[in-house]
């Protein structure tokens, strides 16, 4: 037998189930799924924080340390807010529908999420600014939607506590919050991926490093961007439903988990590069210092990081057919005559490359080499 509801509860029930009149579970399930997913993300956040405090905190700047601490505290606050709200709805007010229309709890999510998202987006915007060669035009392009999102989150919280119903001002500030967040994410993610894509090199090691950075950027920045897009689509299609509340409950923590994931990836990347450098050092110890390094696998400071250059020399040779090899001129050995003098020829000392076979000089040479003929008549005359 269904419980008898008073007029206020019946009116609240009709309002909550206006999109799902015959299936209350479909309308309320996003709240329960939101607290479950938020608890899972809280566990992931704690495990990442433990690793970050153990290995990476000492390597980060003060700004990054404060950003991680602030976002971690606000993420924990979101988990406590979600837990308290669920207990308020289904524990202390079980069976009642009026608490489901109390927007004071719900209006706190945009404020807390905007305070986290702004810090995380500033972290990603710094990377995009450096990748874009420090283009000054990028600062207002990214800063304006970030500030619009923050103003929207604060406005939603103020309207939720000052008015018991969703008015026009509440809806306007929700538009500011959602659209500003999504536009900022879209700009930052596009610039980072475009810059990393442009940095690819024909060198194998550099190309592998750039591909890994692209993968890290996709894994850390695409999920928050998709969450913001899903929240925007839900607000356009259904406006005031608990499906949008589900995205509000998990949105901020997705941003924080992605940021700490990027910071922890620096540790793993530095460790792999140090291992490769040690292997190259065994082959060629010549190095030159470039920037400050981290720690090795045992936690010992490595001092200045170095780039090791290894050179390899390749010699290319070809075998030549002996038939095509140039003929070497061997010196001609002349036999000594009876008088002890070597036989000299008129050709000695003559550049034969300038003497033709039918030239006048060759005719005289051939005539000189002819054997003298014995003339009997001339011999008799001499007698």
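Glycine is no exception: its Cβ is also placed from the backbone N, Cα and C atoms.
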What range among 137-166, 287-316 does TrEMBL record as transmembrane segment?
137-166
The residue range that TrEMBL labels transmembrane segment, out of 1-22, 67-88, is 67-88
Scan 172-196, 322-346 against TrEMBL and say which stretch is down as transmembrane segment.
172-196
According to TrEMBL, which listed range is transmembrane segment: 25-46, 355-376?
25-46
At a C-beta cut-off of under 8 Å, are there same-chain residues at least 6 beyond the transmembrane segment (172-196) that contact it? List them, or none.
110, 114, 117, 121, 124-125, 127-128, 131-132, 138, 141-142, 145-156, 159, 210, 213-214, 217-218, 221-222, 224-225, 228-229, 231-232, 235
Residue list, the transmembrane segment (67-88) vs rest of chain: Cβ under 8 Å, 6 or more residues beyond ends.
31-32, 34-35, 38-39, 42, 45, 49, 52, 60, 99, 105-106, 108-109, 112-113, 115-116, 119-120, 122-123, 249, 252-253, 255-256, 259-260, 263
Reduced to three DSSP states, the domain 'DUF6534' (182-267) has 77 helix, 0 strand, 9 coil
